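Chemist: Once you've had a glance at the structure underneath, I'll fire off some questions.
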Amino acid sequence: MTAVPTASSEALLDFDRAHLWHPYTSMTDPAPTRLVTGAAGVRLTLVDGTEVVDAMSSWWAAIHGYNHPALNAALAAQAADFAHVMFGGLTHEPAIRLAQRLVDLAPAGLEHVFLADSGSVSVEVALKMVLQYQRGVGHPERTRMLTVRGGYHGDTFGCMSVCDPVGGMHSMFADVLPEQVFAPRPPAAEDGVAAWAEAFEAVAAAHAHELAGIIVEPLLQGAGGMHVYPAACLAVMREVADRHGLVLVLDEIATGFGRTGTFFAAEAAGVTPDVMCLGKALTGGYLTLAAVLCTPRIAVGLSHSESGVLMHGPTYMGNPLACAVALAGLDLLADGAWKADVGRIHAALTAGLAPVRHLPGVVDVRTLGAVGVVQLDHPVDVAKATEVAIENGVWLRPFRDLIYTMPPYVSTDEDLARICTAIGAAAGVA
Ligand SMILES: *Cc1c(COP(=O)(O)O)cnc(C)c1O
């Protein structure tokens, strides 16, 4: 079903251009936007009636597809009960059941749950947990985070400070960002692990006295450059954290819920973090919700800091609508069929993108789970690439030198073939 806009699409787009910011865009020289009037399954409908397969899953969130009957029903049922109540002093079944479910699903030991309202906020909360923990255990001098180059953890200030210092926004905000400690980016292949581990350990040892914790994205560095690295690096990080008394935070906001082939990416290394951030696919792309899980050691430790409490509490904390949709989404994952889907998508992307490797200007093609990445030797002409992808019936959102896909798990083999063709066509012109 497609909604007909109540105003002319030209009038709507004119207002959009003049007044509405889109992600990372200019108000004085706005990038083109397209008007969506409907979304069902893996397809978006544009105002001119064009249907495109969403190869981005709405920034990696809509894993079950759009307009899903079970998610719609969960949302409607909760809305009929109550849409929201404050979480201060009040609680409700959707939040309690979601927390139970997340604790069940998470690696053993992660037992305490903070429900935040976006991925970035969950990273801020995780950073606070780390700092408060160190104060609680008598190390107020341990205030810095160790991370690796090439990371992305969100757009708020604490998050920005642990994003890649070159690719991120450090140059612009250098004077106001906390200064964190950066180790080299993990290697792409196993044969680089030993040398990288040595460098990582050396950076940690040199700064151990002032370090509070480590934060990284496990296996896949997403918005920092779609870089895939061996699971063995995670075991190194766990070992280094333990040796130096650091809290290990894994940001699974992009990787959680099966995207890389295991339910959580860290499972591939058998590593359990002390703190874990979840978001994006948590609500299947319906509503903004994130979660921070931590171990009893962290929860008890931070309770010994001077405030005695975790100092965070957003207005929409534990939003019941979001929790209800998240539960319905987790129900859809409960039978484990996602694993076969992710395997099937992996095979289709690996085969379908192989010929793209031979195109001029393409320097790398890589896949991990339900992620397919084509890297060019130059920045992508996003407008051109988008245009060509739409002509091929696919929605793509390339960035920097990367054209990539993270399709919904419900994509059919036909959808996936179409996505690979569109990526090839976009790589050919961009
Ligand atoms: C998207 C993302 C975030 C930020 O989440 P928002 O919901 O956009 O604030 C943080 N970390 C990682 C790894 C992400 O992919």
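A Cβ is built for glycine as well, from the same backbone N, Cα and C atoms used for every other residue.
Please treat TrEMBL annotations as automatic predictions, because they have not gone through curation.
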Chemist: Gly119, Ser120, Pro314, Thr315 bind pyridoxal 5'-phosphate in TrEMBL, but which of Asp48, Asp54, Asp251, Asp381 does that record place at the same site?
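Modeler: Among Asp48, Asp54, Asp251, Asp381, only Asp251 appears alongside Gly119, Ser120, Pro314, Thr315 as pyridoxal 5'-phosphate-binding in TrEMBL.
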Chemist: Do any of Gly119, Asp251, Pro314, Thr315 (binding-site residues) have a CA within 10 A of Lys280 (substrate binding site), and if so which?
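Modeler: Within 10 Å Cα-Cα: Gly119.
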Chemist: If you count, for each of the binding-site residues Gly313, Pro314, the other Cβ atoms lying within 10 Å of its Cβ, which residue has the minimum?
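Modeler: Sparsest of the binding-site residues Gly313, Pro314 by Cβ contacts within 10 Å: Gly313.
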Chemist: Whose Cβ, among the binding-site residues Lys280, Arg397, has more other Cβ atoms within 10 Å than any of the rest?
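Modeler: When each Cβ's neighbours within 10 Å are tallied, Lys280 tops the list.
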Chemist: From the Cα of Asp251 (pyridoxal 5'-phosphate binding site) across to the Cα of Gly313 (substrate binding site), what is the distance in angstrom?
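Modeler: Spelling it out, the Cα of Gly313 (substrate binding site) and the Cα of Asp251 (pyridoxal 5'-phosphate binding site) are 20 Å apart.
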